[in-house]
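As annotated by TrEMBL, [4Fe-4S] cluster 1 binding site applies to C18, C54, C88. Per TrEMBL, the feature [4Fe-4S] cluster 2 binding site maps to C166, C170, C173. Positions annotated as domain 'MTTase N-terminal' by TrEMBL: 9-125. Under the heading domain 'Radical SAM core', TrEMBL lists 152-394. Per TrEMBL, the feature domain 'TRAM' maps to 397-461.
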Amino acid sequence: MDAAADGPRRYLVRTFGCQMNENDSERISGLLEADGLTPATSEDDADVIVLNTCCIRENADNRLYGTLGHLKSRKDARPDLQIVVGGCLAQKDRDQVRARAPYVDVVLGTHNVHRAAELVAQARAGGPITEILDAAVADDATMFPSALATRSGPGHTAWVTIQIGCDNSCAFCIVPAVRGPEISRPFDALVAEVEALAADGVTEVTLLGQNVNSYGRDLTLAARRAGDDVRVRPLFADLLRATGAVDGIRRVRYTSPHPKDLRPETIAAMAEVPEVCSHLHLPLQSGSDRVLAAMHRGYTAERYLERLAAARAEIDDLAVTTDIIVGFPGETEEDFARTLEVAAEAAYDSAYTFVYSPRPGTEAAEMADQEVPAEVVAERFDRLKVVVERTAVAAHRARVGRVEEVAVEGPSRKDPSVLTGRTAQNKLVHFPSPTPLRAGTYAQVRVTDAAAHHLRGELVDVVAPARHRTRIPVAAV
Ligand code: SAH
Ligand code: SF4
Ligand code: F3S
């Protein structure tokens, strides 16, 4: 039976990947809504289920095929259910997805997200479709045909993809192979997009790219090739300033800068523009120069720490987070000891730590003979966690007693009488409120307690009520 027989068809998007993947999920949701679909509350009442995949690590594949297996029984019971597989794994393994799950209705690449709604409609009428645009031939105009952001619903935060793809070649990373070369979206279009979002009630934007500091390099080169006399400008810093200046925008975040390209102009923009949040996510990957060289990261541990110190010296109250990979092929105990030292010295507020996962097609996947035994990796992983938690707890304890501005996200999942929000440093804060405050409200909260991954506090004052309607969330897994 078609769950839509008595009303508009309903969709559900499940996001498996990074913030860019999440942004694509929002665009897919927005396009489906523009086509008349409405959000489903669960898989039970969904007529279209979109799996927006990721392939950064191996377990991402396993999760997708596990989920597809379970969706097959749903589809057997309800043949009208449409299953869409999009995202990086679809881009990379289109044939495998089709072969392993022939019942999938639409396989959609990362560079034709804008076609999502049309493909769903076409597949409904004419049967399964696979459409993957080659990353090497995609451009901004094809991928973002509308000048305005497509959103799935109102809310106080929004992602803005400023750059597609990556021109680096980190030995472990599959992203350049699936997301293609770096393409910067036009500066004016991005500012216009942020203005439109602000007019829609958004107060916080996160600028997204794999290497945001090189934003605009391709635009400058293209302008030069066209004969324009343009000077090379640190366009990313300009973009931070321009988006921070948009009326109604209270917070600008971005992710990720590459340590080798973190420029003084970016640090200056962070220091000088009050809207740009005092949070730097600076992926370290390893503290060993030998491993960093094998990874082709383009910096040494010393250089990394110098840049971090420069950022801390200029930006008031800077929170620093990172990504670290444990068990890169050939990582010795000595290499890992350097990672622990650098992590301790960097004094991170938090870190995403990953067990190295070989990705076929990457340079590191050819180094299987240097694989670090799983039990050694597991033990190192735990030791790294201890070091990071130590600095995280210390950084959080130092905040106790301070009054911080918190953007309310909603009731806490564990205790609905407690609200959850985020500070400019991206710290999660739980605090009771005598009156319910809507998501998007900015409040002053005094920090009373600190743990490794969150703060607790008490409400002092409401500084700005929410400006938007309540957002319908995109389901994430
Ligand atoms: N462009 C960003 C990272 C994108 S991928 C940057 O350069 O910082 C997000 C994180 O996933 C990486 O920082 C890395 O820590 C991790 N990662 C990427 N490939 C991986 C792999 N093969 N195994 C384990 N972790 C990986
Ligand atoms: Fe991957 Fe490196 Fe590009 Fe980041 S900078 S996406 S880790 S290749
Ligand atoms: Fe995953 Fe693709 Fe992001 S591989 S991490 S969803 S760019």
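Using the three backbone atoms N, Cα and C, a Cβ is placed for every residue, glycine included.
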Enumerate the residues of the same chain, C18, C54, C88 excluded, that satisfy the criterion Cβ within 8 A of the mean position of the Cβ atoms of the recorded [4Fe-4S] cluster 1 site; list them in sequence order. F16, G17, M20, N21, T53, C55, I56, A60, G87, L89, V175
Roughly how many angstrom lie between the C-alpha atoms of C54 ([4Fe-4S] cluster 1 binding site) and C173 ([4Fe-4S] cluster 2 binding site)? 12
For [4Fe-4S] cluster 2, what surrounds C166, C170, C173 with a Cβ no more than 8 Å from their Cβ centroid? N168, S169, F172, I174, V175, P176, Q210
Given C54, C88, C173 as the binding-site residues, which ones have a Cβ positioned under 6 Å from some atom of ligand 1? C173
Of C18, C54, C88, C170, the binding-site residues with C-beta less than 6 Å from an atom of ligand 3, in sequence order, are C18, C54, C88
Any same-chain residues 6+ apart from C88 ([4Fe-4S] cluster 1 binding site) with CB under 8 Å of its CB? Would you list them in sequence order, or say none? G17, N21, T53, C54, C55, I56, T110, I174, V175, V178, R179
If you measure C170 ([4Fe-4S] cluster 2 binding site) to C18 ([4Fe-4S] cluster 1 binding site) at Cα, how many Å is it? 17
C18, C54, C88, C166, C170, C173: which of these binding-site residues put a Cβ within less than 6 Å of any ligand 2 atom? C166, C170, C173
I'd like the Cβ neighbour count for C173 ([4Fe-4S] cluster 2 binding site), meaning other Cβ atoms within 10 Å of its Cβ, all protein chains included. 21
Across every protein chain in view, the count of C-beta atoms other than its own within 10 A of the C-beta of C54 ([4Fe-4S] cluster 1 binding site) is 22
So which one is it: of the binding-site residues C18, C166, C170, which has the fewest other Cβ atoms within 10 Å? C18
Euclidean distance between Cα atoms of C18 ([4Fe-4S] cluster 1 binding site) and C173 ([4Fe-4S] cluster 2 binding site), Å: 14
Tell me, what is the mean pLDDT of the domain 'Radical SAM core' (152-394)? 94
